[in-house]
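Visitor: Take a look at the following structure, please.
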Amino acid sequence: MNNRLSLVQPRAMTSPGLVSRLILISPFFFWGTAMVAMKQVLPQTSPFFVAAVRLIPAGILVLLTAWLLRRKHPQGLRAWAWIGLFALVDGSLFQGFLAAGLERTGAGLGSVMIDSQPLAVALLAAWLYREKIGFWGWLGLLIGISGISLIGIPQAWWFDLMHGQVANLSLSWAGLGARGEFWMLLAALSMAVGTVMMGKVKEYADPIMATGWHMILGGLPLLGLGLWGDTLPWVNLTGLDWLNLGYATLFGSALSYGLFFYFASQGNLTSLSSLTFLTPVFALSFGQLILQETLTSFQLWGVGLTLVSIYLVNQRQHLAQLFHERARLYGQRSLGPGLISPAKIPVPQLIRQSLPKDS
């Protein structure tokens, strides 16, 4: 391989373990901070324009990287059909819902809603790929539903339910559309479907190439919607706004998506996706630091439960093994290792295999 690419080889790293961990968590840091960057731009322009600017230039950068790495260009109708479907779900729908939701809610809270998607990934992967969820996984899913409910359901509804005033509850599509949490939940479901789809996309196309093309193709409809609503959506943007958009594009899309979907194509979908619990932690921290965002007590409980649920789904194998070993020590029955599906590839090994190899 060309010497200019040799810096990413594991043997060139002075501390492979540390660098591997940093590579692993970097997409989630970039996603969390990109939410804060996008939130600052939205008051000045259309959410669909922001989504398009985040996707299309990032897709071009990913394709250039794939070309430098001599990745194979997609070939055949099936490859392009899967890339097109992937672009619709994980490009247009996910980023469109995300931008629409971010316009109506805080960056930190919105990130928590979106990054509940590992719960949906666990269910989809169990259904499509027969990945077993296990006791701890199901417990995490139940806790996650409770957490998302506390975040997404209006606080007034909870008080009405606690006081038995069910007649006061009202639901309308207009009311749902005005709530950012609703759009963020749709974004989470879209990303979950897109993550699971990547397992099929990689059968017909190189994952890095597919990621780049899905950004470009998915961003074009969003650009059309942005220009349709406002013929000059960039007119009110300041220099700082463009810097925020550049950060969201380069780090929050090109680099982070390229790494994430490449890793997802190499190993256990549920384990990798569940690491996204780091994203809301970064988004909440920087949202409070930069945007002075605050949460209600209900939302705080919801955030806590959701993060716990993602941890349980991610660590279900380790927890089952831990309880099994302790049960053996005390001569008791364990929750059973059969309830757990071992990860296909451990995370450190997943990182090592995902880095480019000499050709």
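Cβ coordinates are placed from backbone N, Cα and C, and glycine is handled just like the others.
OK, TrEMBL features for this one:
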- 21-42: transmembrane segment (TRANSMEM)
- 23-151: domain 'EamA' (DOMAIN)
- 48-69: transmembrane segment (TRANSMEM)
- 81-102: transmembrane segment (TRANSMEM)
- 108-129: transmembrane segment (TRANSMEM)
- 136-159: transmembrane segment (TRANSMEM)
- 179-314: domain 'EamA' (DOMAIN)
- 182-199: transmembrane segment (TRANSMEM)
- 211-229: transmembrane segment (TRANSMEM)
- 245-265: transmembrane segment (TRANSMEM)
- 272-291: transmembrane segment (TRANSMEM)
- 297-314: transmembrane segment (TRANSMEM)
Visitor: Which one, 48-69, 182-199, 245-265, has the most C-beta pairs under 8 Å toward the transmembrane segment (108-129)?
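Guide: Checked against 48-69, 182-199, 245-265; highest Cβ contact count belongs to 182-199.
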Visitor: Pull the DSSP breakdown for the domain 'EamA' (23-151) and write it out as helix, strand, coil residue counts.
Guide: 109 helix, 0 strand, 20 coil
